[in-house]
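S.K.: Sending over a structure as structure tokens; questions will come in a sec.
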Amino acid sequence: MTDRLPVIVRLPAAVPGSAPDTVAVAREALAISARHRVEAVLIPHEEPPALDPSVLGGLLSSAGLDVPVIIEAHTGRHAPFNLARRVQTLARITAGRAAVYLRDSGVDPVTAAGRPAAAADAEGLIDEYALLLRRLWNSFPESALLGDREAARFVDVAQLAPAQHEGRRYGVAGALNVPIAPAQRPVLLADAGSLGEVGAVDAVVSAAHAVLGPPAYRPITWAADADAESTRRSLADALAQHAGVLLRIDAPASAAARHLEAALSAITALASAESEPLRPSPWQRRSPGPSAA
Amino acid sequence: MSRRRELHLNVNILNAGIFGGSWRVPENDPLSAYTLEHYVGVAKTAEKARLDAVFLADGPGLEAEIAHRPGNSFEPSVLLARIAAETERIGLIGTFSSSYNDADELATRLAAVDAVSDGRLGWNVVTTAGAAAAANFGRDAEPEHTARYERASEVTARVIATWAGQEGTPLVPASPQGRPVLVQAGASADGTTLAGEHAEVIFTAAQTVEEAHAFRRAVDEHAIAFGRRPEHVAILPGLSTVVGSTEAEAAERRRLLDELVPEPYALRRLSGQLGFDLSEVELDAPVPLDTLPAPERAAGSQTFYRMVLGIIERDRPSYRQLLRTLGGGAGHRIVVGTPEQIADHIESWFRSGAADGFNVMPDALPSGFDHFAEQVVPELQRRGLFRTEYSGRTLRDHLGLPLQPPLRAVAPVLTPSW
């Protein structure tokens, strides 16, 4: 997808206290992002009373735009089965335009209630969680859905691949109940620093320059009151090093759309000045992924 | 009744339909229940017919019967958010497990659906029976029945407290209906207590008017014990409908649906409900009543076990007759007939006070609900039983329930244990 701008736009998820305003601002930012052909948008998890990212993702999917939506999710809030299912649901209803940005915040309360020892075990948590998400996403291939009226066979259970995961923290037996085609499976992102094995995910968020590993997105804030030239330099640096940009707009809601337009225009100009990017796109990943075995 | 009672109707979008063979009817796509359009389409039809709400059953796991029939699939909070974007008035009731969700996370997620739908959400609280779901959350076995309901009581109270903003600063966005409507399903002793404590709508299974009245009395007593008003609880039994333009056509359709139930599925399901393996029994032998366990000792869903036991006590059927009565469905009452006959049934239950309305479970989806919406609803409207326009915008408006922002100062009576 070299015709895409290597940018993830962080949508505004909370205009305090007013859900309709939040939705309106997010819709506008999504439309602008789609027009600029960014690689994806991110719905962040923010402090209450922000809207839940997966719910906002479900709502915004009605726009039918050709932009993948990334749900930010903290491990400390979601049992893996529940998160895997919501993201797979979003992927299914958007024909594969869904992803999750997995953040390390420890073990969730539902898992901890069943396995008290798991809660204290912090090492390698994102790696285990990521592996488990992939297994669940791969567990019910679309081809298993038969719907064979004559033979009275609804699903070919031989094609199911139950997670059968028994790890340090998590135990998940079953297959997910949301089928999906391999080409539509969700994309997985995490912070580079939270991973033991960078190959566990499709893309990383990292402030540092990395030569090896999956495609990286560098968090850069476009602030209304900041020195525009310095922001432009940061953007140029990221692009020169073949990193993508995780773009956050820091502006009042009323001015956010204008600043998003300005930022994306600036990045478009910078990107067209670069030579042909070497960067692989995680949004074209259509195999089960490295850790799915 | 002093206040004017209104009939309430939800449609339960139970994947391809209530019967085990629903997905095989010739007029529908057999894989329809695995498409977004299926759910959005039924919701739009329901809104056009001015129903109170769509209802989504759910559980976090793949059903053992998936080889033979569709199951729950799309996660309800994401799906309902999408349906909210494509509809304006219809209420949106989703099932969310109290055992396998964290109260704080669930409260904020449900509040988001309620907010983006402008106050149309209902939460059907279920404890989620079964070892299969437990094994998806690191448990070796399902928590026992009473422990599940203790946790349900605690989780429900905590979710309500979060919605009410008990700590001062609002933790969730504001909703035009104050907070989502609480729905409860399940007629075990523990379930009825939970319903009396929290439920504003009860989805239940009742085969006879007498059973329904007895259930209503039990719920009323519990509600009063928790300091609540019984008229603020709407009881909506499940009602499976098979509509035909003539009686003969309806009977023929019912016969077809019986024929379409995959036999391994029907046997397996009844085995689960009765607690023993039926693969070896003689299907024409009578079901032996004296060897069946008491409801309290039955594994799985007590609601359906009680209901099946009731049928066996009343009719003394053979296994084959029992399978036919249940229709490979979930065990809710099945009415077969013309639009007028189905309207008669609804009217008599409603007027007797046995039900405030129904959770309609069409024989096949979407076709069976089209029949209901196009033929039965107009008949109910002609009789002055059902609204012809919405009078409000929120689910609470449709159900005639009071706004519920304030918290009751009553702590949960059941004590949490896990």
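Backbone N, Cα and C atoms are what each Cβ position is placed from, and that goes for glycine too.
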S.K.: Pick the one from B:Thr87, B:Thr95, B:Thr108 that TrEMBL also lists for the FMN site with B:Asp58, B:His145, B:Tyr149, B:Ser188.
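M.R.: Among the candidates, TrEMBL records only B:Thr95 at this FMN site.
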S.K.: Is it possible to get the count of other C-beta atoms within 10 angstroms of the C-beta of B:His145 (FMN binding site)?
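M.R.: So the Cβ neighbour count for B:His145 (FMN binding site) comes to 20.
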S.K.: Across the whole of the domain 'Luciferase-like' (B:35-354), what does the mean pLDDT come to? Round it, please.
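M.R.: The predicted confidence over the domain 'Luciferase-like' (B:35-354), as a mean pLDDT, is 89.
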S.K.: According to DSSP, does B:Tyr149 (FMN binding site) fall in a helix, a strand, or coil?
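M.R.: The three-state answer is helix.
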S.K.: Applying a 10 Å Cβ distance cut-off over all chains shown, what neighbour count does B:Thr95 (FMN binding site) have?
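M.R.: B:Thr95 (FMN binding site) is surrounded by 20 other Cβ atoms within 10 Å.
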